[in-house]
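So that you can see what the record holds, here are the features copied from TrEMBL:
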COMPBIAS  70-100  compositional bias 'Basic and acidic residues'
COMPBIAS  118-128  compositional bias 'Basic and acidic residues'
COMPBIAS  177-191  compositional bias 'Basic and acidic residues'
COMPBIAS  220-234  compositional bias 'Basic and acidic residues'
COMPBIAS  238-250  compositional bias 'Low complexity'
COMPBIAS  307-319  compositional bias 'Basic and acidic residues'
DOMAIN    413-582  domain 'Tr-type G'
REGION    416-564  region 'G-domain'
BINDING   422-429, 468-472, 522-525  GTP binding site
Amino acid sequence: MSAMRVKQLANEMNMDPKDLVKKLNEIGIAVKTHASPMSEDDVKLARQKLAKEVVEAGGKVDAATKKKVEAELKKTKEKEQEELEERKRAREAELKEREAHRRKTGAKKPETSAASESKSKKDVAVSAADIKEAVKKIATETKDSGLSKLEKQILEEKDRAKREAAAKKLLAQVKKNKAEADKKARVEQNLRHKNAPKVDANKPAQAKPKKKLTTPQSSDRFKSLLEQVESEKKRMSKAAAAAATTKKNAQVVPELENAESGEDRYKQMAVEVEKLQRDKVLAEARAAVQAAASKAGEGRRKKRKEKREEEARERAEAEAIAKGLDPSLVLDESVVEIPEGASVGKVSELLGVPSGDIVKRLFLLGSPLTLTQMMSNDLIELIADDLDRKVRIVSPDEEYAVVINDTEDDLKPRPPVVTVMGHVDHGKTSLLDAIRHTGVVSSEAGGITQHIGASVVTINDRQITFIDTPGHEAFTAMRARGAQVTDVIVLVVAADDGVMPQTIEAINHAKAANVPIVVAVNKVDKDGANPERVRTELTEYGVIPEEWGGSNMFVDVSAKKKLHIDDLLETILLQADVLELKANPDALASGFVIESNLDKGRGPVATVLVQRGTLHPGDTVVAGSSYGRVRALINPKGEHVKQAVPADPVEILGLGSVPVAGDEFRVFADERDARHLAEERALRERLAEQQKGHMTLDELFGKIEEGKTVDLNLILKADVQGSIEALVDAFSKMDQSEVRINVVHSAVGGITETDVTLAAASDAVIIGFNVRPTGKSRQNAEREKVDIRLYNVIYKAIEDINAARVGMLSPDIVEKDTGIAEVRETFKVPKAGTIAGCYVLEGEISRDDKVRVVRDGTVVFEGEIGSLRHLKDDVKTIRSGFECGIGVSGFQDVKIGDTIEAYTLETVERTE
């Protein structure tokens, strides 16, 4: 069983890999990164130690551990529930005890002492000053607090008002009942006093008279009065019972308890006075609360309005920043927005200035234009500055810019996009060939990649999109494009060659794009391979292996023998899992053009990489200044597909022209918007071309007199747009101090008769890269004496153009043998040194020839002839069959048996 990595264990436990690394180190398992391997014992220990946290987080562990931890959690929850129930029962018992105590205290209330009654009254009474102070405090707190506190205060006041109204009603009823009872008592007392005998206090006491029987009339009258009294008593007892019932059901008002218990009239009056005074204070408090609430409401409405305006400004500022604009210009209402390339009439209309005034100012600036002519951005800004107005030039891209606001629910996982980079001939395409099991290398001219190729590989039901980039230095721009659209970069370094210039450049591209690097050390099967040296060299450029404490993964592979290819793919997928790549597949499609070319049978063809949304046949697409409706989608296998989701590379057919590689493409819902944007971009390109500076006649004549000005005009034709970019970039880096290189025309496709005509008119050289002349273009070129150079490897084209830049092609230097002489004797001559006595075997040896001394088939010296004599005479030449003496300049070690070969150097002009 292979060792499990930290990332895989994190996926199993549903944890973040970084958090898992920290926890593993805390429990004593030493790991460095998410890709570190773990032994079986470490994995088992981690599962046991971290099981409880994983269960709480909903992670996945083995069943036994999960069951045990779930039982512990269940036991803890049951214990907490029991404690909660116990506290609830204790609380209910406490409440019952309090209620019983309150009822008992209420039953003994009539026996309460006067001191306690006075104390109760003292507690109830509230001074006016205290109430006013409380009102001030309430108003202040209301002013500072929110609307919720005001509403709470008002509800409390309403509740108190209801209780006071009920208390007033109850007091009135008690007073009424008491008054009726007093009245009846007085009536009964008067009747008793009226029927009692009258005694004069001044008269002496007399004997009691005999009892006198009453008459029937007086007896009946008294009886009726007693019945009235009894009935009135019954009515009053019923009223008292009803009042007691009402009191029992009514809300308790502390201020009236003493009044209801039979307190005298003065105490009741004191209570009523206090109530009236408190009513007045409460009325003032309510008025203050209402005023504060009204004022707070107005302030709150104002704050809400300001908050909405601030949020709108923040949204506008965020959108401006997302579009790459200056937020101060976007938010300033005084700034006038003018579309790029607007005419004079349009500018005058937007600025609200008479068109004649703008025409006059343009004339004074030296740029006379009519109302229908378009103004450049610089002219618009100059006119606005002259009129003391603020303007903002709105480009077509800005007008149709889209601010992406995808939610987390909209984003779905997508496959990774992997770019393969490295030095030329380090085996990038061979590595891709081993992965795809295709023969890509054999189709490339010279065995090197000339353009970007995209392909899709499926590994364990997971898709990986590979982009192959050229390693030659001329393809810098193409490698930069690959780094912009990629998620992971695979840096291929040959184990026998080490770090080279394009390797360093690829590292810089990856760091600039903030893309992680996976290093594939290729050619480890060769005899001189040294992977450790490659690792050491890469550390100097910030690419440090994980085993050395860095963050970059290294894999030793052999593309030729297909060694460790699966390990490389597993490493790529692991790196992609860490990145958590997502995209919204339901939006309108957008992405980048990887490559483009003009096909003879299909027309303009663009290879695009979808980054967001889904692309379908029939969609209206804009790529740079070209647009059109997608007629077909073709995957890397050459099959027609119905859609392209994020991270899918496809070829699209149906564009009106060939887009520039690196342009962003977008799908528009309305074809009119797409056409308008493409036309605006094309117009902007034409304006930029018109605004390029041209050399004046005076400057041209002055440089001709100095002998410095020579123009080398070129027409470039290639099979793909990326090759044209590479050639133009290489030509621009050449020294143009004496010769200026002008690319008169460049396009994708074969060399046509129109190209030959243009070259004849501009005295240009036609450079064809991976293309051939079509039709009668070759015959026309011969007739017009136009030079056509065809190449299939970019080195040759750059070298020949560089040679043409300096005025000529470098001639070939050829050696021409003139004669051979054999050394048969040597002589010592004073002042001349050693002289070789030779016999000329073949040819003719001249005094001006160069010679080489050959001994036993090995050249021991090369130089010139110092002296040539026949007998005693100096001669200029000596032919075969004659003897002669030859002195070799700077060489005295001539021996018998040596061979002297004479030759000359001739320059031969190149005709290729």
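Including glycine, each Cβ sits where the backbone N, Cα and C put it.
Since the structure is predicted, the reported quantities are computational estimates derived from the model, not experimental observations.
Feature annotations (TrEMBL) mapped to structure.
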| residue | record | DSSP (3 states) |
| --- | --- | --- |
| Gly422 | GTP binding site | strand |
| Lys428 | GTP binding site | helix |
| Val524 | GTP binding site | coil |
Residues that sit under 8 angstroms from Val524 (GTP binding site) by C-beta distance, when 6+ apart in the chain: Ala495, Pro531, Asp556, Val557, Ser558, Leu563
Protein Cβ atoms within 10 Å of Gly422 (GTP binding site), excluding its own: 26
Number of Cβ atoms other than its own within 10 Å, given for Lys428 (GTP binding site): 28
Model confidence over the domain 'Tr-type G' (413-582), averaged pLDDT: 78
Other CB atoms within 10 A, centred on Asp425 (GTP binding site): 16
